[in-house]
Amino acid sequence: MLLLVWMAPVVYCFSSGQVIDSCESMQPYHSGITAQTTPPPFNITTDNTRYTLGEEVKVQLQATASIPFTGFLLQAREVGGQSPLGTFSLTGGSAQHLSCNQKLNSAVSHTSDSVKTSIQVTWRPDVPAFEKTIQFCASVVQNYRLFWDVKSPLLTVTNDSTGGTTSDPTAGVSNKDCGVSKVCFSQPSNCDPTASADCYFMSARMLFPSDEEVRYEMTGSSDGYIAFGFSDDQIMGNDDIYICGIGSNGLVQLQRAFSTGRTAPQILPLGNVSDVRASVQGSIISCSFTSMNTPSTVRTTGFNNSYYLMFVYGPSKNGLIQLHTSTFISTEKISISKPMLVGKAGLPQIIKAHGALMLTAWMSVATLGLVVARYRNGFANGKKLWGKDIWFLVHAFMMSLTVTATAIAFILSFSYVRAWSGGAHPVLGCLVMILSFIQILLALVRCGPQHPLRFLFNWTHALNGVGIKALSVAAILTGFRLIDNTPEQWLMKVMGGFVGWEALFYILLSANLKWKVHGKGRST
């Protein structure tokens with residue numbers, strides 16, 4: 001009884017988070033219990049990889065799996081040091097300040113033994129911390145018998161006078177040893193993420209082949225998230241993916257998910273993931289981590305098996321990822337246990353056919369049909385075939401061929417994607433398809449050439465035709481923008497030049513027609 005009375009204050013003190021006695025050792029005084037040596041199911045992330053005097057750094061301690069924690073002690077220390085540096089500010093009610101080493105607000109701990117999955121605080125460096133390499137250290141308690149020592153990625157000081165951000169926004173992710181000790185996949189091919197902000201890059205390196213432990217890296221420019229995945233084919237769906245994205249709290253977090261390809265990916269527990277390092281610098285998002293999770297799709301499981309690699313990026317809203325804006329896929333299946341440089345796949349054949357049909361239909365066939373109708377006085381003038389003017393038959397054939405090609409291309413794209421992909425391109429494509437059918441219906445129900453309301457058809461038919469042409473050009477340009485990932489955007493420039501040439505061609509033909517009409521008027 002006396003023993004229980006004596007222990008009660010100690011238990012109460014620890015559950016309330018007043019763990020002043022643990023400030024130096026960073027260890028909970030649980031009799032005979034030492035820290036776990038397995039990868040911790042928790043990590044510490046920061047919103048920056050560098051710091052400067054007077055500027056705050058957001059720090060988040062979070063559970064990476066479905067395992068909550070009940071207690072913690074968090075400090076910022078110089079790498080290899082024992083003394084707390086800087087001061088903390090609280091952003092929630094589940095944490096409290098501690099004054100370690102008689103330094104006010106130099107540590108943060110729990111307020112109760114209630115279960116928690118995430119704690120967010122802000123840290124401000126002080127003069128003793130300045131120009132030192134900093135690491136956030138935490139002792140995280142799951143229960144009385146289980147706790148882990150958790151450390152964050154390193155923070156180095158910003159040495160410029162303006163307090164700007166790091167010149168290495170990828171936080172150490174590089175193409176070094178690609179093809180030698182790790183698998184690398186990037187867009188543009190073989191780009192260096194440390195040298196170009198337009199480089200989308202991921203790598204995988206086997207650390208211990210016998211233990212099947214892999215170090216992954218990914219980085220790229222995005223306003224929401226980047227992600228890579230393993231797939232059995234080159235079509236999204238049934239894919240094992242890792243997502244590096246900006247959460248609702250503004251911090252970058254790592255997630256694991258399974259993609260169906262038709263709806264938002266299903267978020268899964270991170271599993272056997274450790275040493276997570278995440279950062280965002282401007283628009284550059286970076287994550288690196290060690291995983292013992294075996295890649296698993298519907299048909300394939302295992303490190304030594306082969307998969308297609310996929311890399312996507314896109315926006316997020318309130319921490320939830322939205323439909324990706326771009327993707328690239330490996331040319332062939334690869335095994336991450338065999339170091340190599342992975343090539344980016346070209347477009348699927350069905351999408352190439354879609355683009356070829358639309359380009360041919362609206363930039364050549366439709367153009368010829370429009371020219372023949374508009375400038376028919378110079379084309380087989382007065383000649384007939386099967387009782388119809390030849391210019392009319394050529395016009396009708398060309399425009400029917402255009403609508404047929406458009407319909408086939410429309411069906412091909414939707415049969416491949418099997419969903420609404422979002423963006424301007426599908427909207428423009430649907431408008432072109434709808435207005436094309438309306439154009440055919442108008443032509444079929446038109447009144448005779450001598451009818452007093454014929455002018456209404458002529459104007460409606462002409463304006464609708466010009467509108468469809470303009471929308472088709474816009475659809476082609478937005479389509480090129482989706483597939484052209486080169487910095488120069490040369491496809492857009494070539495298409496722009498072609499459109500400009502066609503516009504000049506119309507102007508010259510109109511001027512020639514007006515000149516001929518004017519010449520005939522003078523001669524009569």
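Yeah, the Cβs are placed from backbone N, Cα and C, and that goes for glycine too.
Source: prediction; values computed, not measured.
Confidence over the domain 'Reelin' (8-172), given as mean pLDDT on the 0 to 100 scale, stands at 79. Here TrEMBL flags 8-172 as domain 'Reelin'.
Under DSSP, residues within the domain 'DOMON' (198-314) fall into helix, strand and coil as 0 helix, 72 strand, 45 coil. Annotated domain 'DOMON' per TrEMBL: 198-314, in sequence order.
Marked as domain 'Cytochrome b561' by TrEMBL: 317-518.
Marked as transmembrane segment by TrEMBL: 353-372 (among others).
Sequence-distant contacts of the transmembrane segment (392-417) (same chain, at least 6 residues past either end, Cβ-Cβ under 8 Å): 235, 348, 350-351, 353-355, 357-358, 360-362, 365-366, 368-369, 372-373, 376, 379, 385-386, 426, 429, 432-433, 436-437, 439-440, 443, 472. Annotation source TrEMBL lists transmembrane segment at 392-417 (among others).
For the transmembrane segment (423-445), the residues of the chain that approach it from at least six positions outside its boundaries are 325, 358, 362, 396, 399-400, 402-403, 406-407, 410, 413, 457, 460-461, 464-465, 467-468, 471-472, 474-475, 478-479, 481-482, judged by C-beta separation under 8 angstroms. Under the heading transmembrane segment, TrEMBL lists 423-445 (among others).
The transmembrane segment annotation in TrEMBL covers 466-483 (among others).
Summarising the annotation, TrEMBL assigns transmembrane segment to 495-513 (among others).
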Same-chain residue ranges lying at least 6 outside the transmembrane segment (353-372) that approach it to Cβ under 8 Å:
347, 379, 391, 394-395, 397-399, 401-402, 405-406, 408-409, 412-413, 416, 429, 432, 465, 469, 472-473, 475-476, 479, 483, 498, 502, 506, 509
Beyond the flanks of the transmembrane segment (466-483) by 6 or more, those residues with Cβ under 8 Å of it:
326, 347, 351, 355, 358-359, 361-363, 366, 370, 406, 423-425, 428-429, 431-432, 435-436, 439, 489, 491-492, 495-496, 499
